[in-house]
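S.K.: Below you'll find the structure I mean.
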């Protein structure tokens, strides 16, 4: 690579000083030697800002649950259903509109994600997040006042646009403002926010279950207005990502941002703002060796193609391992003879299990590597899905079999939300290069959204007695898909636990095989000195 390709323009003043590699090496050594308790004491403000910003994802989990639950809600059906659509001639929403409204948000998310990748590079996380939340306030009005299915569909598509921004920015921000040993906890917390949103949504729906008038579906929509104003306040007050500031050669601002993220009482054990920015600056220089620009096209060039593949397939695996069956646990409990209200309460318990599972993933993240947890989780999921499939061999009239299928879906939920569910949010930002992190995350999440559409359309046919009528035997299909996911993970997913972004960049540039990431030592001093 020619010398001119790796020289960056230095700003005036302190920023014009050459940030020598010694500072970057010191920052790397301090990050590696920092214990978990020291990190918690030294970065409370970074943790706080990341947690508050990630709360935006609660809105997405909440509304996604609402829309799918509305399709069977008496209140929603009374407003939007068509007489004679059901087999017995009563009010119902046609299958085509069910599919459209349930998947409309994914269309908006795909659009929102694509735009977010471009806007974040130019304007930063804070500005884009603020703009998305302002849009969210307006788009909720469409869903709240819409009295026809086409208007509801438009509302879902438009709400999906800011959700796309939330999916990208929250994960990337958590990865970029925290040290190595806190990165996994706060990126996986995004998954917990999704679960919290679904849990709150389930509780709100229980509260309006007996209402059959329009307020049965309007009240849950109105609850969404609780979040935007606090989120906007957080966006305006939080520091910008130091990585983004360094990329735009705003080194003095980056140092001030780092200072706002650290506790001044622990300056001796953590990298100073100058040392942190030096490491970020050197990391950016390393990536300029590898990446000529920061467009979407660069995500598919040279070594970045491998990083994009890992990010996208990891997120696709999260959906291909059968979590769509979780949403049908209620169906199995109704088949077992429970009243719909009791089955719904059981579903509320499912999200409580998902919450506990995500929290329990944190000690696993601290103790084991990303690759180990991901593989172990997939093996556990494979076994639980096979058991569900074998249960499905029993006659569907057997209520005991339906109880067993529902119970093992709860087991599946616990395994999923303690392993691959939260770990995906850790792996994707870690394997992406700093210069392309937003865009790689956008591509990966859009692959996930497309996969969700495919699985969301396919699964009802598997379970519907009037279609394929597989019932619990659908577990065999998803177990087969999980087996393919295990194969890919074994050969392609690298271990990134405990590595700085500069070290991860180097391992990818040297094309180290996935199974040797953990065993390969990086002479980071030589790498930083050469940039």
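Glycine is treated like the rest: Cβ placed from N, Cα and C.
Under the heading domain 'Major facilitator superfamily (MFS) profile', TrEMBL lists 49-497. Annotated transmembrane segment per TrEMBL: 127-147, 153-174, 186-205, 225-246, 310-334, 346-365, 372-394, 400-426, 447-463, 475-491, in sequence order.
I'd like to know what surrounds each of these features in this structure.
M.R.: Here the transmembrane segment (127-147) has long-range neighbours at 53, 56, 59, 79, 112, 116, 119-120, 154-156, 158-159, 161-162, 165-166, 169, 218, 221-222, 224-225, 228, 231-232, 235-236, meaning same-chain residues at least 6 beyond its ends whose C-beta is under 8 angstroms from one of its own.
Counting same-chain residues at least six beyond the ends of the transmembrane segment (153-174), those with a Cβ under 8 angstroms from any Cβ of the stretch are 49-50, 53-54, 56-57, 59-60, 63, 67, 97, 100-101, 104-117, 120, 125, 128-129, 131-133, 135-136, 139-140, 142-143, 146, 183, 186-187, 189-190, 193, 241, 425, 428-429, 437-438, 441-442, 445.
Same-chain neighbours of the transmembrane segment (186-205): 47, 50-51, 54-66, 69, 73, 170-171, 174-175, 178, 219-220, 223, 344, 347-348, 351-352, 354-355, 358-359, 361-362, 365, 417, 421-426, 429-430, counting only residues six or more beyond its ends whose CB sits under 8 Å from a CB of the stretch.
Counting same-chain residues at least six beyond the ends of the transmembrane segment (346-365), those with a Cβ under 8 angstroms from any Cβ of the stretch are 184-185, 188, 191-192, 195-196, 198-199, 202-203, 206, 326, 329-330, 333, 338, 373, 406, 409-410, 413-419, 421-423, 426.
Long-range contacts of the transmembrane segment (372-394) within its own chain (CB-CB distance under 8 A, at least 6 residues past either end) are made by residues 314, 317, 321-322, 325, 361, 364-365, 400-401, 404-405, 408-409, 411-412, 415-416, 418-420, 423, 427, 470-479, 482-483, 485-486, 489-490, 493, 495.
Here the transmembrane segment (400-426) has long-range neighbours at 171, 183-184, 187-192, 195, 314-315, 317-318, 321-323, 325-326, 328-329, 332-333, 335-337, 346, 349-350, 353-358, 360-361, 364-365, 370, 373-374, 376-378, 380-381, 384-385, 387-388, 391-392, 394, 471-472, 475, meaning same-chain residues at least 6 beyond its ends whose C-beta is under 8 angstroms from one of its own.
Long-range contacts of the transmembrane segment (475-491) within the same chain: residues 313, 317, 320-322, 324-325, 371, 374-375, 378-379, 381-382, 385-392, 405, 462, 514-515, each at least 6 residues beyond the stretch ends and with a Cβ under 8 Å from a Cβ of the stretch.
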